Amino acid sequence: MASVVEYKGLKAGYHCGYCDSEEGKVSCGMWAHSMTVQDYQDLIDRGWRRSGKYVYKPVMNQTCCPQYTIRCRPLQFQPSKSHKKVLKKMLKFLAKGEISKGNCEDEPMEPTMEDTVAGDFALINKLDIQCDLKTLSDDLKESFEGEEKKKGKSPKKEEPKELIQSQHIEEKLGSGEPSHPLKVHTAPKPGKGADLSKPPCRKAKEIRKERKRLKLMQQKPAGELEGFQAQGEPPSLFPPKANKSNQPKSLEDLIFESLPENASHKLEVRLVPVSFEDPEFKSSFSQSFSLYVKYQMAIHQDPPDECGKTEFTRFLCSSPLEAENPPHGPDCGYGSFHQQYWLDGRIIAVGVIDILPYCVSSVYLYYDPDYSFLSLGVYSALREISFTRQLHQKTSQLSYYYMGFYIHSCPKMKYKGQYRPSDLLCPETYVWVPIEQCLSSLENSKYCRFNQDPEAVDEGRSKEPDRLQVFHKKAIMPYGVYKKQQKDPSEEAAVLQYAGLVGQACSERMLLLRN
């Protein structure tokens with residue numbers, strides 16, 4: 001099984017929903033007829049991202065709002081105070097039916113935008129994107145053109161105060177989920193955004209406790225600490241009796257805390273493969289689709305004709321990824337899935353995810369606006385981080401959670417940097433760099449090379465384009481053979497551009513369709 005792709009080339013000078021520039025966006029794209037999970041993993045590690053079957057890559061040093069691929073490291077992830085509040089709010093609601101006050105404001109709009117496929121469907125990139133869903137044209141020969149949903153649909157008059165007051169908004173990648181500023185970092189000075197490069201501020205009480213713990217440690221014989229270290233825990237900073245209650249709760253403790261027998265509500269999360277051959281996906285399709293329509297109309301002000309069944313299917317049910325179930329992979333296998341959140345027997349949210357060899361990649365989230373008070377964007381991101389940790393237990397190399405794109409120049413997109421620890425992808429050498437090391441550079445310039453080694457180059461770059469695989473007239477051949485039959489000089493430029501963007505390994509594995 002090989003990936004089959006059709007390169008559509010560079011698209012420049014179209015509308016950007018992040019900064020509202022009329023012609024600032026620049027990206028390259030390709031149509032994926034089919035794709036292996038390994039090829040897609042390698043592509044997202046080179047800055048690509050999919051929306052339906054369209055796979056695109058921003059031209060970072062030219063586009064108005066550079067979009068840096070961001071990944072969280074779930075194995076080291078610690079929920080912040082604000083994350084814990086969201087989890088506790090859910091537990092209170094499930095246990096007693098309590099609804100927290102002050103969280104039912106109108107949703108802030110997420111930026112409208114994205115690469116649209118002419119005559120097909122608009123690309124909506126998960127976390128960050130909202131765009132026009134166009135009806136399918138009979139003719140797919142037209143080139144891909146940029147077409148955006150008009151910004152005018154976002155009601156600017158009634159934006160909640162939170163959006164104006166706080167530059168750091170917690171929300172699910174692109175879900176437009178409102179929340180309160182994360183209290184992970186030093187409190188911002190009046191009129192300024194929080195400085196993400198500084199360590200979190202600590203209360204005097206915590207510092208006093210820390211001193212007391214260190215003093216106790218110095219007084220105790222070394223042997224008394226061994227038990228804690230053997231379990232991978234830091235040395236106990238309190239006397240053994242008090243230790244248990246002072247251990248911070250893990251993410252799983254907070255998510256799966258036991259509920260009373262007479263709990264007011266029951267929440268169940270089901271993982272369903274995105275396939276009309278799957279009975280569970282098929283039986284829940286109409287309910288899932290109705291929820292999508294409700295979400296798009298309420299949160300994005302989409303007219304009904306822009307969120308029909310065809311658009312929904314192309315955007316969130318069509319995936320180029322071929323499902324794989326190797327013996328050492330996760331029990332659910334690799335591919336595209338819907339993670340459905342069932343509350344008391346009906347779906348209230350759906351997280352669209354891809355499970356790849358090294359990561360869970362978040363694609364989109366839609367939810368019932370009537371449950372906005374539960375901060376479902378944040379809640380589902382935390383559940384997806386926990387899910388990644390769970391998959392890692394069987395498949396050790398699967399240890400990252402990809403959150404899509406981080407856009408430092410857009411305040412609304414900075415919330416992704418609050419899921420720590422996380423890394424950004426260097427747009428020139430494709431190595432991962434901890435976000436803390438990138439922030440000061442991003443303050444000075446929208447576009448940055450994060451790799452500090454001036455000698456470093458892209459190790460996966462295309463070195464032998466003639467080895468690139470071409471699929472032409474039902475035959476597979478190396479590009480070196482194919483180009484001898486061609487007389488169009490412009491074609492070589494497009495093929496070399498494609499090879500440079502996908503890298504040598506993918507260019508040799510994937511089949512580039514040429515008509």
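Each Cβ is built from the backbone N, Cα and C atoms, and glycine gets one as well.
No curator has checked TrEMBL annotations; they are predicted automatically.
According to TrEMBL:
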COMPBIAS  143-174  compositional bias 'Basic and acidic residues'
DOMAIN    14-85  domain 'N-end aminoacyl transferase N-terminal'
DOMAIN    288-426  domain 'N-end rule aminoacyl transferase C-terminal'
REGION    143-203  region 'Disordered'
REGION    215-247  region 'Disordered'
Take the domain 'N-end rule aminoacyl transferase C-terminal' (288-426) and count its residues per DSSP category (helix H/G/I, strand E/B, coil), listing them in that order. 57 helix, 42 strand, 40 coil
DSSP helix, strand and coil counts for the domain 'N-end aminoacyl transferase N-terminal' (14-85)? 16 helix, 25 strand, 31 coil
Quick one: mean pLDDT on the domain 'N-end aminoacyl transferase N-terminal' (14-85)? 96
